[in-house]
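Down below is the structure, laid out as structure tokens.
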Amino acid sequence: MAQINPSILSADFARLAEEARRVEGSDGVAGADWLHVDVMDNHFVPNLTLGPPVVESLRRATDIPLDCHLMIEEPDRWAPGYVEAGAGSVTFHAEAAAAPVRLAREIRAKGARASMALKPATPIEPYEDLLPELDMLLVMTVEPGFGGQAFLDIMLPKIRRTRQLIDKHGLEMWLQVDGGVSASTIERCAEAGADVFVAGSAVYGAEDPAAAVRALRRQAEEAAGPGREG
Ligand SMILES: O=C(CO)[C@@H](O)[C@H](O)COP(=O)(O)O
């Protein structure tokens, strides 16, 4: 089943709890699967957002699970604190981690899903042996740092190759894409093998964000076909 994770980078930071609730399901209507929390340190990327205290407050204010994407240096030092703050999934960048296997094991041992992200220029192949240590692999489809950028369709072959490696090893892990995911790009991502979709402006820029989430999920599931649904 396709999962849709709205990115709070496109939300109103003065009203985060309310923005989280706008994409949560209500009255039996399915909403977003996870809330994607963009953590930026102004070093790994040229933008600055939030840290563990905000994650902790969001955890208390909403029921939706938190998918924290750490676009920061020294994730080996800081990532465990995000699990303690209440993240259900923590993604660190391959380019920043000193010891990715040890870090993934620590995140899992603390009780969260462990995930690793690749910037557009970072290939998946050197990380093949590491995949069993992860619950999710994130292929960035824009340069990390800002919402609202154009989808890099030259990332589609990397999504396809990553899916092939996951299937080759018989892994249950998820394949996430992030950046420029919208009604006009999500089908290509799903066809290439992605099953978790981060969408910022396509959700929070819509008049009805919860309806945008449902429409994106429907498109992704139709594009993936019966092989990947349910
Ligand atoms: O991590 C990032 C950007 O670095 C993303 O999560 C964006 O925030 C997604 O926004 P859209 O491209 O969907 O507007």
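A Cβ is built for glycine as well, from the same backbone N, Cα and C atoms used for every other residue.
Listed by TrEMBL as binding divalent metal cation are HIS36, ASP38, HIS69; the candidate from ASP167, ASP178, ASP195 that the record includes in that site is ASP178.
For ASP178 (substrate binding site), the same-chain residues lying six or more positions away in sequence with a CB closer than 8 A to its CB are SER7, HIS36, HIS69, ALA117, LEU138, VAL139, MET140, THR141, VAL142, VAL198. When the alpha carbons of GLY180 (substrate binding site) and ASP38 (divalent metal cation binding site) are compared, the span between them is 15 angstrom.
Take the mean position of the Cβ atoms of HIS36, ASP38, HIS69, ASP178, the recorded divalent metal cation site; other residues of that chain with a Cβ within 8 Å of it are ASN5, SER7, LEU9, VAL37, ASP67, MET71, THR91, LEU138, VAL198, GLY200. For SER201 (substrate binding site), the same-chain residues that are 6 or more apart in sequence and have a Cβ closer than 8 Å to its Cβ are SER10, GLY147, GLY148, SER182.
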